[in-house]
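Here TrEMBL flags 1-24 as signal peptide. The annotation domain 'Saposin B-type' is assigned in TrEMBL to 46-129. The feature disulfide bond is assigned by TrEMBL to Cys53-Cys118, Cys81-Cys92, Cys181-Cys186, Cys187-Cys211, Cys347-Cys395, Cys546-Cys550, Cys556-Cys568. Under the heading Zn(2+) 1 binding site, TrEMBL lists Asp166, His168, Asp239, His423. Sequence annotations record features per position, and here TrEMBL assigns Zn(2+) 2 binding site to Asp239, Asn279, His387, His421.
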Amino acid sequence: MLIMQTANCFILFCVILIVLPVNSGNPLLANDISAMKDDGSTLNTDSAVCMACKMTVIFFRSIYEQNRTRDSLIDVAAFICQYFTRRESLICYSLAKQFREELLYVVEKLILQPDALCSMFLNDCSNSGMDTSIWNITLPPKWPDPKYPTYPAMRENNLRVLHITDLHLDPDYAPGSEANCSSELCCHAQSESNGSTIMQKSGYWGTPAVCDIPYRTVENMLQNIQKLGKIDYILVGGDYESHMDWTYTKEDHLKTIRNLSAVLHKYFENTPIYWTLGNHEGVPVNSFAPHYIPEKYRPQWLYDELLLLQKPLLSDLKSIESVKYRGCYTAQLYPGLRLISLNSGYCETSNFWLRINETDPDGTLSWLVMELKQAEHDGQYVHILSHIPPGDNECLESWARNYYKIIARFSKTIQAQFFGHIHVDSFTVFYENMNDDSSKPINVLYAAPSVTTFKHLNPAFRIYEIEPGINYRVVNFHTYFLNLTKIGMNTTTSPVWELLYSAKEEYGLNDLSPVSWDLLINKIIYEKSIYSRFVRNSIRRDNFICERKCRYNLLCNLRKGHHNMTLCNHLPFPRNSRNFKSYLSYKLPGTVDNVDKTTLTITKQQQQQQQQQQQQQYANINMLLKKKLRSYILKRFFQLFLLSQN
């Protein structure tokens, strides 16, 4: 009977595969933001794709119950990785092996729920069951007029706070190796060239390519920072490991974190250092299992290491327990100022544990509310240190939406938000109405630039100037960078890091209030010189061209604190407008030369060619899906059939 049911499911699934339209798009890319047309509409993905997914789940469930498909599921995961993300075969199988236990556990929990499992991979599949992505944090009512004392200035000069983030230290970085390789991370001795000879040699101090950073460059950076004057405390913003995520081990991660801690204390022996966790601290990458997952899967080893780093600066038992439980803590910096380190691994879209239940993992945002409420009650100000910005595509909207509400509720308490992750130098303004960018600006998120060069960037760090008391507001910041092109690829002489820009002076800001940043966004949009300056500062390169979709996304992120595109209505042509294509070719005021016109416009013939190429790509992908999956399932079906006869 079981074999007959399996056969029926299999036959139905094969029929669905056969009738899949070849222009239906890529059905297995979970978060394919490129599946949106230029005019803002979504590609017409046939519902048969979703049906095929559900039938696949039913098919695998029927034979999974015989405990014969655990290894097969890993094979399928590796297959999907290789053929639908274009990652290398070896990398995919390494990742699939790393994620084996995580994937099997999640699939076991969701195998009886085809809707839930398919919605995990397909945006076009809705989950008709209980949707744990819809949840709301409980917020205390606003005080009519909370009283914050004015804290006397500790000294005349501003506090100077160093923020370094996204270091991605690479112990295998090799000078003189191929920087323009065909692999996912280059600048390694084993990096394969696209030709018979090395096309682009990697530099001694780093390379603005698909490469991470050598240890010596980080040490040189700290030597340079020492010469810039006293640093009052240091914020370390996450992502310490290289991008070779298919090789991650707990032992290597601990070694990297301890080495980084040692070199920081070498140059800043008596300076307080505050850490937060990035998504690359997870093993496997992005993996942060909440407490509803069995203990053996949880990152307790990582939280214990964070506690070792942070414990000397934590004064109360509650913060120590919070580090051990969720990788978060609160530290008293000065009278009237607290720092909250928030673990954003619980918002990572690729944290598959959250597919079982993403409702406030480990009560992390509830804990944040509690800490902010206490600070408000005590009349203290707060700075938040975290990693993934809530408006980034790697942060779940359920988390982002609730985080935004928390910022709005405690906007008078929170004086700064320090984030990283995106590698570019940027910021995001938060508004009183989280879905209306014309409402009152109430807070600012600062996204510091990365130390790594990945991808095609110059390494950078940031120093904030903060009021020494009073309101503890950020009054200015200075971004420094290492111009790798200028110093040359072959030099071994210790380089000097240069001042890239100072915020107030560069953009003519009266102050760094939310209102000032909001006004600057309009200038960035409409004034070509300001826009060009902003792009240069974001990428840390002079020759980077960011137009069309790049420009839209760069500008949209300045006001998109969560995943609501109406926050980008400030752009001349919103993404959901018929005129979005026109916006992509829109010429900034003051652009009159032919070069800009060539850069910003596209002919009708070119549009048709691009559409044809896109359709052909979708057709090829779907043909591959049919051919490979049909062959694979036939093979596995007959293997199981023969097993059942023995």
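Heads up, the Cβ atoms here are built off N, Cα and C, so glycines get one too.
TrEMBL does not curate its annotations; it predicts them automatically.
Around the Cβ of Cys181 (disulfide bond), 23 further Cβ atoms fall within 10 Å across all displayed protein chains. Here Asp239 (Zn(2+) 1 binding site) is positioned 15 angstrom away from Cys211 (disulfide bond), judged by their C-alpha atoms. The recorded positions listed here (Cys187, Asn279, Cys568) include no residue with a Cα within 10 A of the Cα of His423 (Zn(2+) 1 binding site). Annotation for Cys187 (disulfide bond): same-chain Cβ neighbours under 8 Å, separated by at least 6 residues, are Asp170, Tyr173, Ala174, Ser177, Glu178, Ala179, Ser202, Thr207, Ala209, Cys211, Asp212. Take the CB of Asp166 (Zn(2+) 1 binding site) and look out to 10 A: across all protein chains shown you find 26 other CB atoms. Between the C-alpha atoms of Cys181 (disulfide bond) and His421 (Zn(2+) 2 binding site), the distance comes to 24 Å. Proximity note: of the listed recorded positions (Cys53, Cys118, His168, Cys186, Cys546, Cys568), none has a CA within 10 Å of the CA of His421 (Zn(2+) 2 binding site). Neighbours of Cys186 (disulfide bond), defined as other CB atoms within 10 A of its CB across all chains, total 25.
Apart from the site residues Asp239, Asn279, His387, His421, the chain places the Cβ of Thr165, Asp166, Gly237, Gly238, Leu277, Gly278, His280, Ser344, Ile388, Gly420 no farther than 8 Å from the centroid of the site's Cβ atoms, the recorded Zn(2+) 2 location.
Around Cys395 (disulfide bond), taking its Cβ as the centre, 23 other Cβ atoms fall within 10 Å, counting all chains.
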